[in-house]
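Please read the structure below before turning to the comments.
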Amino acid sequence: MSDELRKRGTTPIANIRNFSIVAHIDHGKSTLADRLIQMTGGLSDREMAGKEQVLDSMDIERERGITIKAQTVRLNYHAKDGKDYIFNLMDTPGHVDFAYEVSRSLAACEGSLLVVDASQGVEAQTLANVYQALDNNHEIVPVLNKVDLPAAEPDKVKQQIEDVIGIDASDAVMISAKTGLGVPDVLEAIVTRLPPPQGDRDATLKALLVDSWYDVYLGVVVLVRIVDGVMKKNSRIRMMGTNAAYDVERVGFFTPKMQQVDELGPGEIGFITAAIKEVADTRVGDTITDDRKPITEMLPGFKPAIPVVFCGLFPVDADDFETLRTAMGKLRLNDASFSFEMETSAALGFGFRCGFLGLLHLEIIQERLSREFDLNLIATAPSVIYKMKLTDGGEIEIHNPIDMPDVVKIAEIAEPWIEATILTPDDYLGSVLKLCQERRGSQKELTYVGSRAMVRYDLPLNEVVFDFYDRLKSVSKGYASFDYHLTDYKVADLVKMQILVNGEPVDALSMLVHRTRAEGRGRAMVEKMKELIPPHMFQIPIQAAIGGKVIARETVRALRKDVTAKCYGGDITRKRKLLEKQKEGKKKMRQFGKVDIPQEAFIAALKVDG
């Protein structure tokens, strides 16, 4: 490619290929991205040495082997037909919680490489992401990875791709991303089998905001896909969703190193910076246009990310509250889908009520807070958004059981339901179905693909957020995979269960549960609390109650001083008098004594499977 072209940053649109890699967690997506970068010279072998998953920039992404933020890289490739091509590779997350990151990355591309592990076969999240790619009219090239493993069964997996997804896999590319085997064939398949983007260079600027993140030096960096027109340095742009205008300071792309250019043309993917203060000002999926002659219609199909799961996060040490507030603010800079507001709890002090996209999102935020900011946190039981109709005709939404109005004021409570797709080897099907049944699920369909079963279930989200994923993995020995999407709200017989310690309700342990499961959950929680609350000088009753009705109770026995030790022989009334006096003292203590509940008791009670 000529220096002139490289400087301008624009390329003939027919020589551009925008594609994403779609795969289930751990099927080798980021490793394949590494090989593509290496073989096209994006980074030298020396720079790649000792580095795996170049595009996974967070430590936690590398450690868990998952991709959280969508990443992009631009590669130059000299094809066998003698032409120079530009590849824009979008590395997307594979986990269900980050499905919105996937959807907008896919909207910026025309094709996808579907990477399937030849030893594992198609998994539930592969399905979800492929369907999203097909919804975006993507051309799909199947790639079978890990074909060098002894357990690989490429022919069986090809058949499975055709049966489950319904796309022709006869000419799937066979590779081993780890060793680089077959990767040159992938590069050629991108050129020959994926379509170039469409776009008009002379039209008014129209660009899709794909992602944004905060950089300490540059402020907010915005990842864009140019649809029509040209994005130039020093031009003035407008975000159509927020109606805010900015002056573009830098324009460029990643190779994965940052390269600045003067302009980006139609079909290209790159970044801009424009003195934007907060990531919250850049809505993902928004349309960017020219401020001087704006277009009227936004690009279709994007909605803001809405939190689905909520929980309270409290610092173990109350002095860490300000540090936690600052840390959350910093994480929110890079993650607009994470929301939080302050809350107080009588048991845990000051903390925050946080909203997440799902359980993995919650876990990752929690882990980042403890790892990057060295914070020790307690998380309360995760809950979902409930809709309540009141007797006076009003409607409210709550996600914190503490905010629930008096029972007499509530006409009905509705909870969110999901449709779950579970793929499991048929040996474990029985225990998977039993688990879904226990969680109030209703089966929609059951089909077999080879030796694996695909089950669709309707389940209440409330039953899934708690520990469903862990239980599913344990009943299937880790082989089942799971994907879900929200469907609608259904009215349910839900009750607010409280845990009382020494007659006092512990607000952090309140939860909304289905009436049929309340007793089991309550009993399990009080038994756990009994094990972990140390004995005091007086006995402590631990109760689980619904309204005024106690449904389970355990008692922590009192420590007792032997007050009669000094009485040798003598009259029995002397002993009795001392024992009566002790009894009086205990009674008084129980009335005014404060019970110290250790942090472990909270954490263990919340993890109980009732």
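Placement of Cβ uses the backbone N, Cα and C atoms for every residue, glycine included.
According to Swiss-Prot, the feature GTP binding site maps to Asp26, His27, Gly28, Lys29, Ser30, Thr31, Asn145, Lys146, Val147, Asp148. Packing around Val147 (GTP binding site) is summarised by its Cβ count: 20 other Cβ atoms lie within 10 angstroms of its Cβ, all protein chains included.
The domain 'tr-type G' annotation in Swiss-Prot covers 14-198.
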- request: Within 10 Å of each Cβ, count the other Cβ atoms, then let me know which of the binding-site residues Ser30, Asn145 comes out lowest.
  value: Ser30
- prompt: Which number gives the other C-beta atoms within 10 angstroms of the C-beta of Gly28 (GTP binding site), all protein chains shown included?
  reply: 24
